[in-house]
Amino acid sequence: KKNSILKKNQSWINATQNNFKVDDYESLIPNADLVINLTPDKQHHNVIKTLQKLMKKNSCLGYSHGFNIVEFGETIRKDITVIMVAPKCPGTEVREEYKRGFGVPTLIAVHDKNDIHQQGLDIAKAWSFSIGAHHAGVLESSFVAEVKSDLMGEQTILCGMLQTASLLCYDKLIQNKCDPAYASKLIQHGWETITESLKHGGITLMMDRLSNSXKIRAYKISEKIKKILSPLFQKHMDDIISGEFSSEMMKDWSNNDKKLLDCRRKIKNTSFEQSPIYKEKIPEQEYYDHGILMIAILKSGIELSFEKMITAGIIEESAYYESLHELPLIANTISRKKLYEMNKVI
């Protein structure tokens with residue numbers, strides 16, 4: 001936006017300090033072969049409306065999430081190739097992984113109604129390579145599969161479960177007379193520590209960090225949780241497949257994000273978010289030994305999310321990325337600034 005450039009706001013500072021060329025729509029878009037739209041979903045329609053008027057013939061439009069195409073139903077000019085490169089984590093984590101010479105698991109797709117020159121897949125591959133995604137894994141998906149699996153993952157295991165479980169586990173520890181500062185650190189940094197094992201060996205390696213007795217206990221708790229939460233996960237999946245969830249979310253957009261902002265305020269004022277800082281170091285294995293319930297919650301949530309997505313017809317690649325592989329990257333955001341950070345960047 002022109003006023004952002006004139007005011008030299010934080011986005012302008014970030015871009016210029018990292019050697020990106022900064023200018024307004026009218027100056028940059030008409031000459032671009034590839035235009036990548038990384039704005040929030042809520043802004044997509046107005047942004048795309050402006051872009052289409054300025055994009056040159058036979059250029060390419062890139063998305064990092066397909067909500068605007070699938071749920072809103074945006075129509076793009078036929079001469080424009082439309083692709084998607086969807087890293088399975090918040091944008092902040094994409095940048096951090098790239099800076100350390102790696103990348104994040106990524107889904108790529110081509111809009112079947114906008115690939116007139118049959119170049120979309122090659123462009124998507126090149127884009128994913130440029131952000132380091134090939135180091136972690138790039139899988140071809142579809143716009144529909146990416147959107148439905150993304151929404152399901154975020155509402156259940158990735159964000160919904162991590163948030164609810166953090167509050168639940170903290171309150172339970174306090175009830176059991178645990179030091180509030182220790183309880184807070186165990187949970188805040190426990191998710192990141194425990195889910196790191198998922199990167200290297202999935203649920204099996206995570207469970208193997210426990211003693212035999214603790215492993216059996218975690219398994220039994222996990223099975224109980226799955227029975228309790230299965231109907232809730234199924235309702236989430238049904239609402240996402242039918243479009244009901246997206247419809248309600250877009251209504252909230254029209255109401256100035258009232259529900260979203262109310263939820264953020266409530267979370268920010270919870271005892272967990274306001275808890276004191278624990279300054280002592282917690283050994284890595286202690287997070288596992290004292291986090292059996294957390295491990296059981298992760299196991300049940302991953303399995304339930306994956307199973308519900310597969311049953312709904314979502315391809316395994318998308319279901320896997322959105323139930324297990326993205327989880328450590330979401331946990332990283334909690335480790336930095338608890339739940340408020342996660343809520344802000346997702």
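Even glycines carry a Cβ here, placed using N, Cα and C.
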One of Asp112, Asp115, Asp122, Asp150 listed by Swiss-Prot as binding Mg(2+) 2 at the site of Glu322, Glu326: Asp150
Site with most surrounding Cβ atoms, counting all protein chains shown within 10 Å, from the binding-site residues Asp150, Glu154, Glu326: Glu326
From Ser11, Asp41, Gln43, His65, Asp150, Glu154, the recorded positions whose CA lies within 10 Å of that of Glu322 (Mg(2+) 2 binding site): Asp150, Glu154
Rounded inter-Cα distance in Å - His65 (active site), Asp41 (NADP(+) binding site): 8
Sorted by sequence, non-Asp150, Glu322, Glu326 residues with Cβ within 8 Å of centre, Mg(2+) 2: Lys88, Ser149, Met152, Gly153, Glu154, Leu158, Ser318, Tyr321, Ser323
